[in-house]
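Novice: What Swiss-Prot records for this protein is below:
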BINDING   His64, Asp103, Glu337  divalent metal cation 1 binding site
BINDING   His65, His333, Glu337  divalent metal cation 2 binding site
Amino acid sequence: MSVRLADVIDVLDQAYPPRLAQSWDSVGLVCGDPDDVVDSVTVAVDATPAVVDQVPQAGLLLVHHPLLLRGVDTVAANTPKGVLVHRLIRTGRSLFTAHTNADSASPGVSDALAHAVGLTVDAVLDPVPGAADLDKWVIYVPRENSEAVRAAVFEAGAGHIGDYSHCSWSVAGTGQFLAHDGASPAIGSVGTVERVAEDRVEVVAPARARAEVLAAMRAAHPYEEPAFDIFALVPPPVGSGLGRIGRLPKPEPLRTFVARLEAALPPTATGVRAAGDPDLLVSRVAVCGGAGDSLLATVAAADVQAYVTADLRHHPADEHCRASQVALIDVAHWASEFPWCGQAAEVLRSHFGASLPVRVCTICTDPWNLDHETGRDQA
(Lines of atoms letter the chains of each structure in order from A and count residues from 1; the text may use other names and numbers.)
(Lines give C-alpha, C1' and ligand atoms only; values in the text may rest on other atoms or scores of the structure.)
Protein backbone atom coordinates (compact mmCIF):
# COMPACT_ATOMS: atom_id res chain seq x y z
CA MET A 1 0.00 0.00 0.00
CA SER A 2 1.45 3.38 -1.01
CA VAL A 3 1.43 6.20 1.54
CA ARG A 4 1.01 9.82 0.49
CA LEU A 5 2.80 12.62 2.26
CA ALA A 6 -0.63 14.08 3.06
CA ASP A 7 -1.50 10.87 4.94
CA VAL A 8 1.63 11.18 7.08
CA ILE A 9 0.92 14.85 7.75
CA ASP A 10 -2.60 13.99 8.95
CA VAL A 11 -1.18 11.53 11.49
CA LEU A 12 1.48 13.97 12.67
CA ASP A 13 -1.03 16.80 13.03
CA GLN A 14 -3.22 14.56 15.18
CA ALA A 15 -0.28 13.60 17.39
CA TYR A 16 1.22 17.10 17.52
CA PRO A 17 -1.65 19.56 16.85
CA PRO A 18 -0.40 22.72 15.11
CA ARG A 19 -2.69 24.81 17.36
CA LEU A 20 -0.34 23.99 20.27
CA ALA A 21 2.59 25.74 18.58
CA GLN A 22 3.79 29.05 19.97
CA SER A 23 2.82 32.12 17.94
CA TRP A 24 6.44 32.79 16.95
CA ASP A 25 7.09 29.24 15.81
CA SER A 26 7.16 27.71 12.34
CA VAL A 27 5.79 24.18 12.15
CA GLY A 28 4.45 21.88 9.47
CA LEU A 29 5.53 21.13 5.92
CA VAL A 30 8.67 22.99 4.82
CA CYS A 31 9.12 21.40 1.41
CA GLY A 32 7.46 18.57 -0.45
CA ASP A 33 4.24 17.85 -2.32
CA PRO A 34 1.43 16.49 -0.11
CA ASP A 35 0.18 14.42 -3.05
CA ASP A 36 3.52 12.64 -3.52
CA VAL A 37 4.05 9.09 -2.32
CA VAL A 38 6.46 8.80 0.62
CA ASP A 39 8.70 5.72 0.67
CA SER A 40 10.17 6.20 4.17
CA VAL A 41 10.45 8.54 7.14
CA THR A 42 13.62 9.56 8.96
CA VAL A 43 13.21 11.26 12.34
CA ALA A 44 15.84 13.63 13.77
CA VAL A 45 16.15 16.62 16.05
CA ASP A 46 17.81 18.85 13.43
CA ALA A 47 18.06 19.04 9.65
CA THR A 48 21.81 19.20 9.06
CA PRO A 49 23.81 18.14 5.98
CA ALA A 50 24.83 14.89 7.66
CA VAL A 51 21.23 14.11 8.61
CA VAL A 52 19.91 14.93 5.14
CA ASP A 53 22.51 12.52 3.73
CA GLN A 54 20.72 9.70 5.57
CA VAL A 55 17.28 10.43 4.10
CA PRO A 56 16.55 8.09 1.17
CA GLN A 57 15.22 9.46 -2.09
CA ALA A 58 11.44 10.07 -1.94
CA GLY A 59 11.71 9.99 1.84
CA LEU A 60 10.38 12.37 4.48
CA LEU A 61 12.66 13.98 7.04
CA LEU A 62 10.69 14.71 10.22
CA VAL A 63 12.58 17.07 12.53
CA HIS A 64 11.92 18.82 15.80
CA HIS A 65 13.79 22.07 15.18
CA PRO A 66 12.65 24.31 12.32
CA LEU A 67 15.21 24.71 9.56
CA LEU A 68 13.61 28.03 8.62
CA LEU A 69 12.45 30.19 11.50
CA ARG A 70 13.66 33.72 12.15
CA GLY A 71 14.51 36.32 9.54
CA VAL A 72 14.45 33.98 6.55
CA ASP A 73 14.03 35.85 3.28
CA THR A 74 15.87 33.52 0.90
CA VAL A 75 16.46 29.84 0.29
CA ALA A 76 19.05 30.46 -2.40
CA ALA A 77 21.22 27.43 -3.10
CA ASN A 78 24.34 29.35 -2.08
CA THR A 79 23.13 29.79 1.52
CA PRO A 80 23.72 27.12 4.20
CA LYS A 81 20.03 26.38 4.73
CA GLY A 82 18.95 27.04 1.17
CA VAL A 83 21.32 24.40 -0.16
CA LEU A 84 19.63 21.80 2.07
CA VAL A 85 16.19 22.77 0.79
CA HIS A 86 17.40 22.47 -2.80
CA ARG A 87 18.99 19.08 -2.11
CA LEU A 88 15.75 17.79 -0.64
CA ILE A 89 13.54 19.06 -3.44
CA ARG A 90 15.80 17.86 -6.26
CA THR A 91 15.65 14.28 -5.00
CA GLY A 92 11.95 14.24 -4.17
CA ARG A 93 12.55 14.36 -0.43
CA SER A 94 10.30 16.26 1.98
CA LEU A 95 10.88 18.13 5.23
CA PHE A 96 8.35 18.48 8.05
CA THR A 97 8.73 20.18 11.44
CA ALA A 98 7.01 19.47 14.75
CA HIS A 99 8.50 21.92 17.24
CA THR A 100 6.67 23.69 20.07
CA ASN A 101 3.51 21.80 19.17
CA ALA A 102 5.43 18.60 19.95
CA ASP A 103 6.74 20.25 23.14
CA SER A 104 3.20 20.79 24.42
CA ALA A 105 1.49 17.71 22.96
CA SER A 106 0.51 14.74 25.10
CA PRO A 107 2.52 12.63 24.77
CA GLY A 108 5.26 14.94 23.58
CA VAL A 109 8.90 15.86 23.99
CA SER A 110 8.89 16.04 27.79
CA ASP A 111 6.95 12.77 28.12
CA ALA A 112 9.66 11.06 26.08
CA LEU A 113 12.38 12.60 28.25
CA ALA A 114 10.59 11.57 31.44
CA HIS A 115 10.17 8.00 30.20
CA ALA A 116 13.83 7.83 29.17
CA VAL A 117 15.00 8.66 32.70
CA GLY A 118 12.59 6.27 34.42
CA LEU A 119 9.82 8.60 35.56
CA THR A 120 6.12 7.83 35.72
CA VAL A 121 4.41 11.04 34.59
CA ASP A 122 1.47 12.24 36.68
CA ALA A 123 1.19 15.96 35.90
CA VAL A 124 1.94 18.74 33.42
CA LEU A 125 4.41 21.32 34.67
CA ASP A 126 2.94 24.30 32.77
CA PRO A 127 -0.46 23.28 31.35
CA VAL A 128 -1.89 24.84 28.21
CA PRO A 129 -5.23 26.52 28.98
CA GLY A 130 -8.03 24.90 27.07
CA ALA A 131 -9.57 26.80 24.19
CA ALA A 132 -12.75 28.69 25.07
CA ASP A 133 -14.90 26.85 22.55
CA LEU A 134 -18.12 26.77 24.62
CA ASP A 135 -20.29 29.57 25.95
CA LYS A 136 -22.58 29.39 28.97
CA TRP A 137 -25.69 31.49 28.43
CA VAL A 138 -27.69 32.86 31.36
CA ILE A 139 -31.04 34.25 30.20
CA TYR A 140 -33.62 35.99 32.39
CA VAL A 141 -37.14 35.59 31.00
CA PRO A 142 -40.73 35.88 32.29
CA ARG A 143 -41.84 32.50 33.55
CA GLU A 144 -44.64 32.13 31.01
CA ASN A 145 -42.14 32.66 28.15
CA SER A 146 -39.25 30.53 29.39
CA GLU A 147 -40.23 27.41 27.43
CA ALA A 148 -40.46 29.37 24.17
CA VAL A 149 -37.04 30.96 24.71
CA ARG A 150 -35.54 27.63 25.72
CA ALA A 151 -36.92 25.96 22.58
CA ALA A 152 -35.59 28.76 20.38
CA VAL A 153 -32.01 28.59 21.65
CA PHE A 154 -32.08 24.78 21.43
CA GLU A 155 -33.09 25.10 17.78
CA ALA A 156 -30.16 27.50 17.24
CA GLY A 157 -27.64 24.95 18.52
CA ALA A 158 -27.58 25.39 22.29
CA GLY A 159 -28.10 22.70 24.90
CA HIS A 160 -25.78 19.93 23.67
CA ILE A 161 -23.54 18.22 26.25
CA GLY A 162 -21.82 15.07 25.07
CA ASP A 163 -24.45 12.58 23.92
CA TYR A 164 -27.31 14.66 25.35
CA SER A 165 -29.36 17.47 23.83
CA HIS A 166 -31.96 19.95 25.15
CA CYS A 167 -29.87 20.40 28.31
CA SER A 168 -30.67 23.39 30.52
CA TRP A 169 -30.94 24.49 34.11
CA SER A 170 -33.35 27.05 35.55
CA VAL A 171 -34.36 28.64 38.82
CA ALA A 172 -37.21 30.98 39.68
CA GLY A 173 -36.62 34.55 40.74
CA THR A 174 -37.90 38.09 40.48
CA GLY A 175 -36.86 40.58 37.83
CA GLN A 176 -37.18 44.32 38.30
CA PHE A 177 -37.01 47.26 35.88
CA LEU A 178 -38.14 50.84 35.35
CA ALA A 179 -39.06 51.86 31.79
CA HIS A 180 -38.17 55.45 30.80
CA ASP A 181 -39.56 57.71 28.08
CA GLY A 182 -39.01 56.19 24.66
CA ALA A 183 -39.25 52.61 25.89
CA SER A 184 -41.96 50.19 24.78
CA PRO A 185 -42.15 47.71 27.67
CA ALA A 186 -43.82 44.36 27.02
CA ILE A 187 -44.91 44.33 30.66
CA GLY A 188 -45.93 47.34 32.74
CA SER A 189 -45.74 50.98 31.77
CA VAL A 190 -43.28 53.85 31.47
CA GLY A 191 -42.41 55.45 34.80
CA THR A 192 -43.49 52.52 36.95
CA VAL A 193 -41.14 50.08 38.68
CA GLU A 194 -42.18 46.58 37.65
CA ARG A 195 -41.40 43.34 39.43
CA VAL A 196 -41.90 40.21 37.33
CA ALA A 197 -41.75 36.52 38.16
CA GLU A 198 -38.90 35.32 35.95
CA ASP A 199 -36.84 32.22 35.31
CA ARG A 200 -33.07 32.24 35.12
CA VAL A 201 -32.36 29.80 32.28
CA GLU A 202 -28.84 28.46 31.72
CA VAL A 203 -27.63 26.59 28.63
CA VAL A 204 -24.31 25.91 26.93
CA ALA A 205 -23.66 26.49 23.23
CA PRO A 206 -20.68 26.37 20.86
CA ALA A 207 -18.90 29.72 20.73
CA ARG A 208 -19.13 29.62 16.95
CA ALA A 209 -22.95 29.67 17.27
CA ARG A 210 -23.00 32.81 19.40
CA ALA A 211 -24.66 35.01 16.76
CA GLU A 212 -27.31 32.40 15.94
CA VAL A 213 -28.19 31.78 19.58
CA LEU A 214 -28.38 35.52 20.27
CA ALA A 215 -30.71 36.09 17.32
CA ALA A 216 -32.95 33.19 18.33
CA MET A 217 -33.11 34.33 21.94
CA ARG A 218 -34.00 37.90 20.98
CA ALA A 219 -36.69 36.72 18.55
CA ALA A 220 -38.38 34.53 21.17
CA HIS A 221 -37.95 36.83 24.18
CA PRO A 222 -40.86 39.18 24.92
CA TYR A 223 -38.68 41.98 26.30
CA GLU A 224 -37.47 44.92 24.24
CA GLU A 225 -34.11 44.64 26.06
CA PRO A 226 -33.60 41.06 27.30
CA ALA A 227 -31.28 40.56 30.24
CA PHE A 228 -28.66 37.90 29.57
CA ASP A 229 -25.03 36.98 30.22
CA ILE A 230 -22.56 35.08 28.04
CA PHE A 231 -19.60 33.36 29.73
CA ALA A 232 -16.80 31.88 27.62
CA LEU A 233 -15.99 28.52 29.21
CA VAL A 234 -12.39 27.35 29.49
CA PRO A 235 -12.21 23.56 29.81
CA PRO A 236 -9.72 22.05 32.25
CA PRO A 237 -6.28 21.10 30.87
CA VAL A 238 -6.23 17.71 29.19
CA GLY A 239 -2.56 16.85 29.56
CA SER A 240 -0.99 19.29 27.11
CA GLY A 241 1.53 21.97 28.00
CA LEU A 242 5.24 22.46 28.60
CA GLY A 243 7.14 20.10 30.87
CA ARG A 244 6.06 17.10 32.89
CA ILE A 245 6.21 16.02 36.52
CA GLY A 246 6.80 12.39 37.40
CA ARG A 247 7.92 9.97 40.10
CA LEU A 248 10.87 7.64 40.35
CA PRO A 249 10.21 4.01 41.30
CA LYS A 250 11.85 4.78 44.65
CA PRO A 251 13.71 7.75 46.16
CA GLU A 252 17.42 8.04 45.39
CA PRO A 253 20.17 10.57 46.18
CA LEU A 254 20.68 13.39 43.71
CA ARG A 255 24.12 12.05 42.77
CA THR A 256 22.54 8.70 41.86
CA PHE A 257 19.82 10.38 39.84
CA VAL A 258 22.42 12.42 37.94
CA ALA A 259 24.26 9.19 37.13
CA ARG A 260 20.95 7.72 35.96
CA LEU A 261 20.55 10.65 33.55
CA GLU A 262 24.09 10.28 32.26
CA ALA A 263 23.41 6.64 31.45
CA ALA A 264 19.92 7.16 30.02
CA LEU A 265 20.63 9.99 27.58
CA PRO A 266 22.90 9.86 24.53
CA PRO A 267 26.43 11.13 25.23
CA THR A 268 27.34 14.71 24.37
CA ALA A 269 30.42 16.87 24.84
CA THR A 270 28.73 18.92 27.56
CA GLY A 271 27.35 15.89 29.40
CA VAL A 272 25.22 16.35 32.51
CA ARG A 273 25.77 18.92 35.26
CA ALA A 274 23.81 19.53 38.42
CA ALA A 275 23.32 22.10 41.17
CA GLY A 276 22.14 20.92 44.57
CA ASP A 277 22.93 18.81 47.60
CA PRO A 278 24.41 15.53 46.28
CA ASP A 279 22.71 13.64 49.12
CA LEU A 280 19.27 15.18 48.53
CA LEU A 281 16.70 12.39 48.22
CA VAL A 282 14.91 12.69 44.90
CA SER A 283 11.55 11.03 44.28
CA ARG A 284 9.48 13.55 42.33
CA VAL A 285 11.04 15.29 39.34
CA ALA A 286 10.06 17.98 36.84
CA VAL A 287 11.43 17.73 33.30
CA CYS A 288 11.30 19.99 30.26
CA GLY A 289 12.92 18.97 27.00
CA GLY A 290 14.84 21.82 25.40
CA ALA A 291 15.51 25.23 26.93
CA GLY A 292 13.68 25.37 30.24
CA ASP A 293 14.90 28.25 32.38
CA SER A 294 11.67 30.14 31.65
CA LEU A 295 9.91 27.62 33.90
CA LEU A 296 12.20 27.99 36.93
CA ALA A 297 9.60 29.94 38.93
CA THR A 298 6.99 27.28 38.15
CA VAL A 299 9.40 24.56 39.21
CA ALA A 300 10.18 26.33 42.48
CA ALA A 301 6.48 26.29 43.35
CA ALA A 302 5.97 22.65 42.34
CA ASP A 303 6.17 19.68 44.68
CA VAL A 304 9.43 18.33 43.23
CA GLN A 305 12.98 17.78 44.40
CA ALA A 306 14.75 18.17 41.05
CA TYR A 307 14.33 19.74 37.63
CA VAL A 308 15.84 18.31 34.44
CA THR A 309 16.11 20.59 31.41
CA ALA A 310 18.62 22.15 29.02
CA ASP A 311 20.30 25.48 28.28
CA LEU A 312 20.21 26.76 31.86
CA ARG A 313 21.91 30.16 31.96
CA HIS A 314 24.16 31.31 34.78
CA HIS A 315 22.08 34.11 36.28
CA PRO A 316 18.64 32.45 36.20
CA ALA A 317 20.17 29.28 37.67
CA ASP A 318 21.99 31.28 40.36
CA GLU A 319 18.83 33.16 41.34
CA HIS A 320 16.92 29.88 41.52
CA CYS A 321 19.52 28.21 43.74
CA ARG A 322 19.50 31.16 46.15
CA ALA A 323 15.73 30.95 46.58
CA SER A 324 14.80 27.28 46.13
CA GLN A 325 15.91 23.86 47.33
CA VAL A 326 14.88 22.21 44.06
CA ALA A 327 18.02 20.77 42.48
CA LEU A 328 18.82 21.67 38.88
CA ILE A 329 20.12 19.19 36.31
CA ASP A 330 21.27 20.70 33.04
CA VAL A 331 21.72 18.42 30.03
CA ALA A 332 22.54 19.10 26.39
CA HIS A 333 19.64 20.55 24.42
CA TRP A 334 19.89 17.89 21.72
CA ALA A 335 20.12 15.06 24.27
CA SER A 336 17.01 16.27 26.10
CA GLU A 337 14.96 16.14 22.89
CA PHE A 338 16.44 13.08 21.21
CA PRO A 339 14.09 10.64 23.05
CA TRP A 340 11.20 12.32 21.22
CA CYS A 341 12.53 10.96 17.93
CA GLY A 342 11.76 7.41 19.06
CA GLN A 343 8.33 8.46 20.27
CA ALA A 344 7.48 10.17 16.97
CA ALA A 345 8.75 7.16 15.04
CA GLU A 346 6.46 4.91 17.06
CA VAL A 347 3.48 7.15 16.31
CA LEU A 348 4.03 6.55 12.60
CA ARG A 349 4.88 2.86 12.92
CA SER A 350 1.74 2.15 14.93
CA HIS A 351 -0.39 3.81 12.26
CA PHE A 352 1.24 2.71 9.00
CA GLY A 353 2.92 -0.54 10.03
CA ALA A 354 5.09 -2.23 7.42
CA SER A 355 3.75 -0.03 4.62
CA LEU A 356 6.00 2.86 5.71
CA PRO A 357 9.56 2.21 6.96
CA VAL A 358 10.47 4.61 9.77
CA ARG A 359 13.93 5.04 11.29
CA VAL A 360 15.53 7.34 13.85
CA CYS A 361 18.70 9.16 12.84
CA THR A 362 21.23 8.78 15.65
CA ILE A 363 23.66 11.43 14.43
CA CYS A 364 24.40 13.84 17.28
CA THR A 365 23.54 17.31 16.04
CA ASP A 366 24.44 19.12 19.24
CA PRO A 367 26.64 22.06 18.16
CA TRP A 368 29.10 21.37 21.01
CA ASN A 369 31.17 18.47 19.75
CA LEU A 370 34.42 18.40 21.71
CA ASP A 371 34.91 17.54 25.38
CA HIS A 372 38.12 19.39 26.34
CA GLU A 373 38.67 17.34 29.49
CA THR A 374 38.65 13.95 27.80
CA GLY A 375 39.25 14.96 24.21
CA ARG A 376 36.18 12.92 23.33
CA ASP A 377 34.83 13.94 19.92
CA GLN A 378 31.04 13.71 19.62
CA ALA A 379 30.89 14.64 15.93
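Every residue, even glycine, has its Cβ placed from backbone N, Cα and C.
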Novice: Taking only the Cα atoms, work out how far Asp103 (divalent metal cation 1 binding site) lies from His65 (divalent metal cation 2 binding site), in Å, as a whole number.
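Specialist: It is 11 Å, counting Cα to Cα.
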Novice: Compute the C-alpha separation of Glu337 (divalent metal cation 1 binding site) from His65 (divalent metal cation 2 binding site), stating it in Å without decimals.
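Specialist: Distance (Cα to Cα, whole Å): 10 Å.
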Novice: Starting from the Cβ centroid of His64, Asp103, Glu337, which together make up the recorded divalent metal cation 1 site, report each further residue of the same chain whose Cβ lies within 8 Å of that point, ordered by sequence.
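Specialist: Those within range, site residues removed, are Val45, His65, Ala98, His99, Thr100, Ala102, Gly108, Val109, Gly289, Gly290, Trp340.
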Novice: Can you list, in sequence order, the residues of the same chain other than His65, His333, Glu337 whose CB lies within 8 Å of the CB centroid of the divalent metal cation 2 site?
Specialist: Val45, Asp46, His64, Gly289, Gly290, Ala310, Trp334, Ser336
Novice: Sequence gap of 6 or more, C-beta under 8 Å: which same-chain residues meet both conditions with respect to His65 (divalent metal cation 2 binding site)?
Specialist: Val45, Asp46, Ala47, Thr97, His99
Novice: Under 8 Å Cβ-Cβ from His333 (divalent metal cation 2 binding site), six or more apart in the same chain: what's there?
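Specialist: Set apart from His333 (divalent metal cation 2 binding site) by at least 6 residues yet with Cβ under 8 Å, we have Gly290, Ala291, Ala310, Asp311, Asp366.
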Novice: Using all protein chains in view, find how many other C-beta atoms are within 10 Å of the C-beta of His64 (divalent metal cation 1 binding site).
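Specialist: Its Cβ has 26 other Cβ atoms within 10 Å.
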